[in-house]
Each structure stands twice: as C-alpha cells, then as structure tokens.
Amino acid sequence: MKKKYRIAVLPGDGIGPEVMREAYKILNILKNHFSLPLETREFNIGGSAIDQEGTALPKKTLLGCENSDAILFGSVGGKKWDDLPINQRPERASLLPLRKHFNLFANLRPAKLYSELKYLSPLRSDIIKNGFDILCIRELTGGLYFGKPTGRLKKNNIEYAFDTEIYYNYEITRIAHLAFQLAQTRNFKICSIDKSNVLNSSVLWREIVKKVSKNYPDVHLSHLYIDNATMQIIKDPNQFDILLCSNLFGDIISDECAIITGSIGMLPSASLNEKKFGLYEPAGGSAPDIEGKNIANPIAQILSVSMLVRYGMNLKTIADKIDQSVISVLKKGYRTADISNNNNYLKTNEMGDVIANTLISGE
C-alpha cells in the first residue's frame, strides 16, 4: 500500500453529518489501532454546498475528490431545496455528476438479513429461517437512464414520451467481469437478470454474460427474467448470492432486496470504476425528518467504511473485523430506534461508541 490512502469525506445534508461522525470513529481506529495510513479531508456537498457556495458540487469538492483515493459520502437533499429546478437539486446536481465524472459504472449493494434482526423482515419466518446475504451488482452508467434519444413531445394534440435503452458490448463485459471476480471471493454463484424474451438489449446482455462466464469455469451462472426474479426473491431469497443487473433492473432489484432486510439503515453501498476508485455511501437517504434528533442508525455509514477497506484498500481481514464488530453489537442486543422492537434503544453517537469499542477490543 502506498504511503497515504487519501479519503475525501463528504457528509452532506440531513443525517449525513450525524452518521459521518460515527464513521470518523472507525476511521480513527483504523489509523491509530490498525496503523492504516489513512488521510481524510472533508468537503462540502449537496444542499449545504448550495447554501454556502451556490452550487451542489463546488469545484473545490470535485478537485478534492480527484486528489483522493476514495470518496466516503453521507447523504444529500431535503425539502429545503425541493423548489429548485430539478437539475439544480442536491441529488441531481451532486451525486449524479460525481458518478459520471469518475465513471463509476458498478454499483454494489449488499442486502444481508442478520439473524438477530429477523423480526424486522416483512417476509414469513419460514422463508427467512436461514437468512440471506445477497450482493446486487448494478451497471450504473449505461442503459435506459442514459440512452438517447429521450424526450416528451406533442403532435396533433397527442402527447407522447420516449426513452431509449442502449447497451454497448464493453459496458456489459466490464460489469460481468467484475461480478465474476467478486463471485470468486464469495460463494461462486451468479444469477444474471434480464428480459431477453422481449428486449434486444437484454439479448445482448445475456450473450455477453455467457461469453464472459467461460473465463470463470469455477463460478456457476444462471439467468432469470426480471419479472420472475422479483418473485423468486420474495419466495426464497436465500437461493441467491450475487445478482447481476442492468441499470434499470438493478435499481428495482436492489431496493426490493433492501426492503426485505427490514431496515435500510443497515445497508451500505459502493460505486466503483475500472481503476477500483470508489464512492462509498449508505443506501438510504438524508432522512430530514429525523435530522438533529441523534436517533439515526449509523451502521450503514460504518459498513460503508468497511466496503471502502474491502474494495478500495483490498484489506479483507480488517473489513471483516468491522463487519464482525457490528454483528457482535447486534448479538449483545444493542439497537438504534429503527431496528428496535421497544423503546429501549441507543442514540446515534452511543451506537457509534459501542461499535468502535468492540472493534478495538475484538470482542
């Protein structure tokens, strides 16, 4: 590892700064207890940047990210900025440009049901008795969300709108290679999601995924149509390990997997480019309704640090220690408000302290 691993920290809006404070506790332990050569610099982003600097993504922030090895992101947005033109709102004017600027083509969304939190899942107990640990891998820069032409027109008093799904072979190839490489670090199993019985883009998707799979004979590949996949996830989520999806289908599937865990406050995510530069963030939003109340769940932000260590720094053992600290805390009965089934729960800072102390002690 090089002398310094530089992290651009972007707390953002809503609960972002609150949960980021707890992530800092973990980062400090990684520096001081595990002797990792981390260097953090904090930058403004989102609505707070609009208020202070007139733009959601200031040049200083972008430059700071360019001079870093990874981005640790909080959350952006809130009702305060909802009246702005849509392209100037924090979500559209900060996170999306960051993804585009750094060509973050791969979105990794883990969805894990912890045995201690099964009561949170909306699924029947017999369905989730064995739990599940799914990694959704979503292609993030191609497909329907970016295809041209797109528009809304009116002709002869008839209004219509259109979008275009376009996938280039190299876009599918690179996301498939990443999925197979990650499968080799997990359970050697991938299910690719498409709609190749209807869509030409999905026909190409399936053909290329099959072709790439020949380079990974130790990984079992299966395919499902998107409509069947959404049903199978509800019927038996434990049958899946890695789900490989296009942009649109991954958007749908990853949210479905998230909701059946019972709390999005537990779920981190990573967006990577071909050089493994990544943006790491909680899967949830800025939650302005609980901002400043010190009740937000910091676990997703802490696990985002774990993903940064795992995928950005390639330090699996230390990432596992962070993950295990979270599991240990849950086993001991510690809860935040969103995952508690009673009124006895920890505040945001208290949960951060418990996880940090557990990481140091290893208990």
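Cβ atoms here come from the backbone N, Cα and C positions, even for glycine.
Residues or ranges marked as NAD(+) binding site by Swiss-Prot on the basis of sequence analysis: 78-91, 285-297. Secondary structure from DSSP puts P90 (NAD(+) binding site) in a helix.
Per Swiss-Prot, substrate binding site is recorded for R99, R109, R138, D227. DSSP assigns D227 (substrate binding site) to a helical segment in the three-state reduction. Sequence-distant contacts (6 or more apart, same chain, Cβ under 8 Å) of D227 (substrate binding site) comprise K195.
Per Swiss-Prot, Mg(2+) binding site is recorded for D227, D251, D255. Secondary structure at D255 (Mg(2+) binding site), taken from DSSP and collapsed to helix, strand or coil, is helix. For D255 (Mg(2+) binding site), no same-chain residue lying six or more positions away in sequence has a CB closer than 8 A to its CB.
If you look up Swiss-Prot, you'll see Y145 (among others) marked as site 'Important for catalysis', on the strength of sequence analysis. Within its own chain, Y145 (site 'Important for catalysis') has N247, L248 as residues 6 or more apart in sequence whose C-beta sits under 8 angstroms from its own.
Here the Cβ of K195 (site 'Important for catalysis') has 21 other Cβ atoms within 10 Å, regardless of which shown protein chain they belong to. Annotated site 'Important for catalysis' per Swiss-Prot: K195 (among others), in sequence order.
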Neighbouring C-beta atoms (10 Å sphere around the C-beta of A287 (NAD(+) binding site)): 24
Proximal residue to R138 (substrate binding site) among binding-site residues D82, A287, I295 (C-alpha distance): A287
R99 (substrate binding site) and I86 (NAD(+) binding site), Cα-Cα, nearest whole angstrom: 17
CB contacts for D251 (Mg(2+) binding site) [other CB atoms within 10 A, all chains]: 19
I295 (NAD(+) binding site), number of other Cβ atoms within 10 Å: 18
